[in-house]
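So the structure is just underneath, and the comments pick up after that.
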Amino acid sequence: MEILIAQIFNGLSIGSIYVLLVTGFNLLLLVAMIIHFSFPVVVVFSMYISWFVMTLTGSVALGVAGGIASAVVVNVITAPMFQHIMRERGSVDINATMVISMGMGMIITDILSHTFNQGFPIAFPDALTGNDQGALISVGLVSISRGQVLTLIVGIIFVAFLFWLLYKTRAGRAFRAIAEDPNGAKLVGIPLLKTGFQSYALTGILGGVTAVLMAVLLGSASAGLGDQLGHKVLAVSIIAGLGNLTGGLIIGLLLGILEAIIQGYLAGSWSNAIAFIVMLVVILAKPKGVFGSKL
Amino acid sequence: MSLPLYYYLAITAIYILMSWSIYIPYRVGQLHFMTVANMAISSYFAALMAINFAWPFWLVLIVGTLLGALIGFLVSVAIGDAPCFAVVIVGFTFIYLTKTIIENVEAFGGPLGIFSIPKVLQTSSDNRTLLLIVAYALVLLTGFLISRFDHSRLGRAASAIFIDRDLAVSFGVDVKKLGMFLQTWASAVGGMSGVMYAFIMRSISPNHFTFHLIGVCMTMLFVGGYTTLWGALLAAPILWGFPLILPEALQSWNIVIYGVLLIVVLVIKPEGIITRPTVKKIESLLSRNRKKV
Amino acid sequence: MAQNDPILKIDSLSVSYGHVKALSDISLEVGKGEIVVLVGANGAGKTSIMETVLGANVPVGGDIEFKGIHIGGVPVDKNVRNGMFLVPEGRGVFASMTVMDNLLLGAHHNLKNSDKKLQLVFDSFPVLGERKLQVAGTLSGGERQMLAIARALMSSPDMIMVDEPSIGLAPIIVNDIFEILVNLNKEGYSILLSEQNVYKALKIAHRGYVLETGRIIKSGTAEELLNDEAVREAYLGA
Ligand SMILES: Nc1ncnc2c1ncn2[C@@H]1O[C@H](COP(=O)(O)OP(=O)(O)O)[C@@H](O)[C@H]1O
Ligand SMILES: [Mg+2]
């Protein structure tokens, strides 16, 4: 029983990472109107930058700042490229944005596997992860780490912040208007490109924070992590219904819990595979999503 | 024939086939990366049958192709008319699962893969010549079938679906049936390529069938042009060939080069280098010359 | 024709969608404080004129002047800032967003004094005040049309363009909507209206233009058009 509780807690912290990633992906889908398949790859890139700055300067704070900044920079400098495609083709051919995003993922993943740490997986210092201080709570076999608690708390705060931003601010109102009806939004005088650009910046911050949380929670990263997260995020988003933010929140957490529970009983790559099989079955049964798509 | 040239020609044929396997369902707007999983499955199937049961090459080729078609068909029952994103993720998931199974099951050779797949013919040079002939015969056959399809009523229906799905439906096009047909066909091509790959390389490992392969085929298709079958046909030999003549230090960056090319072409020339108007222009030039003769 | 000082002046405007020519050689004026109506069948080009004035389409040729300033090619958000707003065909309200959100979108470019503007709008349209926290998707057709007009008012416009407001509404409701437009006009808003409900529209308008396949084939005061043989035959079924 205690083990199950610990697994669920573990699942919630991993799940909140998925929720953050899916929310970023969905925001880009709704407001910038792109399928940014490689958004999680950008996040893993930021983990690497964060690691790089930490090892270079020895400062955790600088590493965190560098990680967040790099995600914003990547998002903002790639925005004109995506916006060019959207302008050329209207909102019809969203497939092209997905292919471009995949191209971006190819480039980033290959650079990560060639350059940083000679292509070996990177490990974050204990000063960041707090692993040297042992578990935060430890009862019998059950232990909950600082990283898990931090991830969960920051994850909840950030998601709450996003929902506040969407539903209580001027920019959020414009985001939602574009998400519902881009043409209608244009006719009431919302500048599509400028507002879209804001969503790139916002998801950049979101991605950067997620990168830091992942560094704390996982303690390490490898170049292939981005692709795997990309598949999971797309799968979660499809299962929830593309662009469905609340659905993404629920399915993201569920996936985290599912994985954690499987991991309690099965080793290594099989547990990942089972999570993928479950997702595959759901997608094959309901290719349009459980909660309905917002597109 | 020198060994590098043989491998270049043989692998080029594989890449043409694999790029086409993505081209075929993309006619209705679906990126069906499932075919890479089909390639892996049929490749392992071929290796195991040839090694353990001494199945002859031809039998393996036919059964391996059918195996691809069967899996493709079963999956297409669920996602024949699914939105592109769902099709993409199903493909990725299959690739991932296939890879996990191959890596973790002893019988499949684990991460190291399978070695010493038998030759089809006794002497090495005969073997290579035969495989090259078969590979390009399959390219010709597949290209011919695609061309027939593209010029048929179904091909026009596919184009209609690509441009405006709802409109096509209102004209009575059966999107699901056509999607299922194309996905099944593509998976068969994937399976066929897998068998050929196993016999050409004579050793296979899980690392051969990854997202890299998707990236490469996608680049060939989208850089060459996804609106006609000629795009992949011409892009594959060039894109596969030019990194080979780059200096050693640059060669390992070929994925980065592909990624950059893919993005640049999609941004500048969204339909790729060879488009339908290009083909029409060349056709009319050729026919004018013929008339002169 | 128009009063001495037009708020909107269009001069030999032409617009194309790709290779399809939608408008050719359109010239018209809306005077300050006028209601001007564009009448014409489906596809005549009414929406195209309004969206081009608004800046959603880029004209191929011709000139548009709003409050004495050339605005050809100026983007929508700037034009909205400068004091025009479109009530789109089919209302264009955001069904998943609340009435309040929809209204605030009208004031997106300038949220200063939005509380005061909201109060004014709720005073004129008490129904909207009662339902301000409901999502717009739950409103009736007439209420949505009101919301769309109220949203236009939130932008503090000088000129409102109203595209086929009567579409899909019961005749009684149409009367209400037209009454609202007349009252707004009395308050000083200039209005460019498009309608297929030609009789009712000409009854409230000062002047009108008759469109056919992208051209203006007739223009005059509302009275002249109401009495015109050809117009009566084609649009009034008489
Ligand atoms: N987005 C568009 N793309 C192509 N053609 C269009 C578009 N919008 C309108 N048209 C064409 O322009 C002409 C005028 O249309 P419109 O302005 O909508 O007329 P109305 O509002 O009077 O019904 C029609 O022939 C219509 O088919
Ligand atoms: Mg219209």
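Placement of Cβ uses the backbone N, Cα and C atoms for every residue, glycine included.
Long-range contacts of the transmembrane segment (A:12-37) within the same chain: residues 43, 79, 82-83, 85-86, 91, 94-95, 97-98, 101-102, 105, 147-149, 151-152, 155-156, 158-159, 162, 175, 178-179, 182, 195-196, 198-200, 202-203, 206-207, 209-210, 213-214, 217, 229-230, 232-234, 236-237, 240, 242-245, 248-249, 251-257, 259-260, 294-295, each at least 6 residues beyond the stretch ends and with a Cβ under 8 Å from a Cβ of the stretch. Look at TrEMBL and you will find A:12-37 (among others) tagged as transmembrane segment.
As annotated by TrEMBL, transmembrane segment applies to A:49-82 (among others).
Below 8 angstroms of C-beta separation, residues 33-39, 41-42, 44-45, 48, 51-52, 78, 81-82, 85-86, 122, 223-224, 226-227, 230 of the same chain, each at least six residues beyond the ends of the transmembrane segment (A:94-116), sit close to that stretch. As annotated by TrEMBL, transmembrane segment applies to A:94-116 (among others).
Annotated transmembrane segment per TrEMBL: A:149-167 (among others), in sequence order.
Panel annotation: around the transmembrane segment (A:200-221), residues 13-14, 16-17, 20-21, 23-24, 27-28, 32, 36, 39, 42-44, 46-48, 50-51, 64, 67-76, 78-79, 82, 121-124, 128-131, 146-148, 150-151, 154-155, 158, 162, 165 of the same chain, lying at least six beyond its termini, place a Cβ under 8 Å from a Cβ of the stretch. If you look up TrEMBL, you'll see A:200-221 (among others) marked as transmembrane segment.
For the transmembrane segment (A:233-258), the residues of the chain that approach it from at least six positions outside its boundaries are 7-8, 11-19, 21-23, 25-27, 29-30, 37, 39-40, 159, 163, 166, 179, 275-276, 278-279, 282-283, 286-295, judged by C-beta separation under 8 angstroms. The transmembrane segment feature in TrEMBL is assigned to A:233-258 (among others).
Under the heading transmembrane segment, TrEMBL lists A:265-285 (among others). For the transmembrane segment (A:265-285), same-chain residues at least 6 beyond its ends with a Cβ under 8 Å from one of its own Cβ atoms are 228, 231-232, 235-236, 238-239, 255, 258-259.
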